[in-house]
Amino acid sequence: MDRATGLGKDQQVDKKNMTTSLVADKPLTEAQWLVRFIFLESIAGVPGMVAGMLRHLGSLRRMKRDNGWIESLLEESFNERMHLLTFMKMSEPGWFMKLMILGAQGVFFNGMFLSYLIAPKITHRFVGYLEEEAVHTYTRCLYEIDLGLLPKWSDPNFTIPDIAVQYWRIPEGKRTMKDLIMYIRADEAVHRGVNHTLGNLNQKEDPNPFVSEYKDGEKPNAALRSQGFEREEVI
């Protein structure tokens, strides 16, 4: 992905030392970040759609309810698409990027399709780790904004797209680029927790704990548990 989005060696983080995962010798530009975000989000919307589609078909075949899984998986896919549409309002990718996305989506869709058919628990775990990487990506962007390395986005007068304001219902005074990235990072943290939790459950019998009704009225908060919930905690 670093090569696809045009990062030089001095812009890449030290993968051998995770404590420096936010630090690089040279920051990315706003244009490079948008290319990276668009490529990332064009792929991120695939897993939820694939899993939701396969569970939908399975529910039809078995003539049984899905216990709420389909709803969360399709919502995840829709949410990732909204991330993409938001960034598309800031940058229009060229033909080469569109061609790369077409190829990557085709490979990733078929890979996820086969993977979810064979080992859905492992697939959810894999997606959880992908979402963790997305959280790290947006955290690095926030870090560079805070340091003033992205002057256009650090400007409090920078206007984020209206589609973002409407979708997240962002209040007045909280519509900076930093606020937008924080909203998106929070979404990725939720997807991370949801997928790790679903990977811990019985794939055919257990209900989705994030749409279930609880006697005490408190649902598990996926964003606060990066490793997800164990089955015994939510079932």
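Yeah, the Cβs are placed from backbone N, Cα and C, and that goes for glycine too.
Automatic prediction, not curation, is the source of TrEMBL annotations.
Going by TrEMBL, these are the annotated features:
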- 33-54: transmembrane segment (TRANSMEM)
- Glu41, Glu80, His83, Glu188: Fe cation 1 binding site (BINDING)
- Glu80, Glu131, Glu188, His191: Fe cation 2 binding site (BINDING)
- 95-118: transmembrane segment (TRANSMEM)
- 213-235: region 'Disordered' (REGION)
For Glu131 (Fe cation 2 binding site), the one of Glu41, His83, Glu188 that lies nearest, given that the binding-site residues are compared by Cα:
Glu188
Please work out the number of neighbouring Cβ atoms within 10 Å of the Cβ of Glu131 (Fe cation 2 binding site), leaving out its own Cβ.
25
What is the separation, in Å, between the Cα atoms of His191 (Fe cation 2 binding site) and Glu80 (Fe cation 1 binding site)?
10
Which are the residues of the chain, Glu41, Glu80, His83, Glu188 excluded, whose CB is within 8 A of where the CB atoms of the Fe cation 1 site average out, their centroid?
Leu40, Ala44, Gly45, Asn79, Arg81, Met82, Leu84, Ala134, Ile184, Asp187
Structural state census, the region 'Disordered' (213-235) (DSSP three-state):
7 helix, 0 strand, 16 coil
Under 8 Å Cβ-Cβ from Glu188 (Fe cation 1 binding site), six or more apart in the same chain: what's there?
Glu131, Ala134, Val135, Tyr138
What kind of secondary structure is Glu131 (Fe cation 2 binding site) part of, going by DSSP in three states?
helix
Residue among binding-site residues Glu41, Glu80 with least C-beta crowding, 10 angstrom cut-off:
Glu41
